[in-house]
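Annotated features in TrEMBL:
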type	residues	note
COILED	72-162	coiled coil
COMPBIAS	255-265	compositional bias 'Low complexity'
COMPBIAS	266-276	compositional bias 'Basic and acidic residues'
COMPBIAS	277-301	compositional bias 'Low complexity'
REGION	164-193	region 'Disordered'
REGION	255-301	region 'Disordered'
Amino acid sequence: MQDAIQAERAQAAAVAEELRRIAQEEQKRAVALAVADATAEVCRKTRAESDAELVKLRRAVDTTALWYEDLLDAARAEKDRCMERTEEAERKLVETERGKAKAEKELADVRSQLTETERGLASAKSDLANLESILLHSANRLKEMESKLSVADRRVFEMEQKLQASNASMSVGDESSAYGNRDDKEEDEESSIGCGVIADDEYADSEVEQNRCCARAVKRREAQLIVAHGLKIEEQRKRHERQMRRQLEMLMDQRQQQLEQLQNRQDNRLQRKNEQQKQYQEQQAQQAQQEQQEQQEQQEQ
C-alpha cells in the first residue's frame with residue numbers, strides 16, 4: 001500500500017514537474033511571442049520609415065538625375081561652343097599667320113626701300129663731297145684769278161710808271177710811246193671795247209690818256225670778271241648746297257617715317273598675336289575645366 005502510494009506520489013511529482021516544465025515553456029513561449037510581436041511591430045515601423053525614406057531617396061535621385069542631365073546638356077552645349085570658339089581661334093590663327101607673312105613681305109619691301117634710300121643718301125653724300133671738291137677747285141681758281149689780278153695791278157702800276165716817265169721825257173715821246181705800245185698791245189686789244197678811244201700817234205697827250213684809260217678799263221674788266229665769276233660760283237655752291245640739304249632732309253624724314261610705320265606695324269601685330277594667344281589659352285582652360293567637371297560628375301554617378 002505504501003509502495004503504491006509512493007509510486008503514486010512519484011508519478012504525481014513527475015507529472016507536477018512536467019506541468020511546471022510545460023508552464024515554464026509556455027511562459028517562455030509567451031514571452032518569445034510578445035518579443036516577436038514587439039519586434040515585428042518595430043520591423044513594420046522601420047519598414048514603413050524605410051519605405052518613406054526610399055520614396056524620398058527615389059525622388060531625390062530622380063531630381064538629381066534630371067539636374068545632372070541638365071548639367072550634362074549644358075556641358076555638351078558649352079563643349080560645342082568651345083569647339084566653335086576653338087575653330088574660330090584656329091581660323092584667326094591662320095589669318096594671323098597669313099597677316100604675319102604679309103607683314104614680313106611688307107617688311108622686306110620696306111627694308112628694300114630703306115636700302116634704296118640709304119643708297120640715295122650715300123649718293124647724295126658723294127654728290128655733296130663732289131660739290132665740296134668743286135667748291136675747293138673754284139676757290140683755288142678764285143685764288144689764281146686774284147693772283148692774276150695782283151699781277152695785272154703790278155703791270156698797271158708799271159704802266160703808270162712808264163707813262164709818268166713818258167710824260168717826263170716828252171722829247172723822246174715817240175720812242176717811249178712806241179715802246180709802251182709794244183708792251184701793252186695785247187691788253188689794248190682785249191680792252192679796246194672798254195676804252196672806246198682810237199689811238200692817234202700825232203698827239204702824245206691823247207696817247208698817254210688813252211693808255212691810262214685802257215689800263216683802268218683792263219683793271220676794271222678783270223675785277224668785274226673775277227667778282228662776277230666768284231659770285232656765280234658762290235651762288236651755285238649755295239644753291240647746290242641748299243638742294244643737297246633739302247634732299248638729305250627729305251630722305252631722312254622719309255626714312256624716319258618708314259621706321260615709325262614699321263615699328264607701329266610690328267607693335268600692332270605683336271599685340272594682336274598676344275591677344276589671340278591669350279584668348280586661345282582661356283578657351284583651352286575653360287574646355288579643360290569643363291572636361292574635368294564632366295569627369296567628376298560621371299565618377300559621382
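Cβ atoms are placed via backbone N, Cα and C, with glycine included.
Note that the coordinates shown come from a computational prediction; the quantities given were computed from them, not determined experimentally.
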Mean per-residue pLDDT computed across the coiled coil (72-162): 79
Counts of helix, strand and coil residues, the compositional bias 'Low complexity' (255-265), according to DSSP: 11 helix, 0 strand, 0 coil
Helix, strand and coil counts within the compositional bias 'Low complexity' (277-301) (DSSP): 24 helix, 0 strand, 1 coil
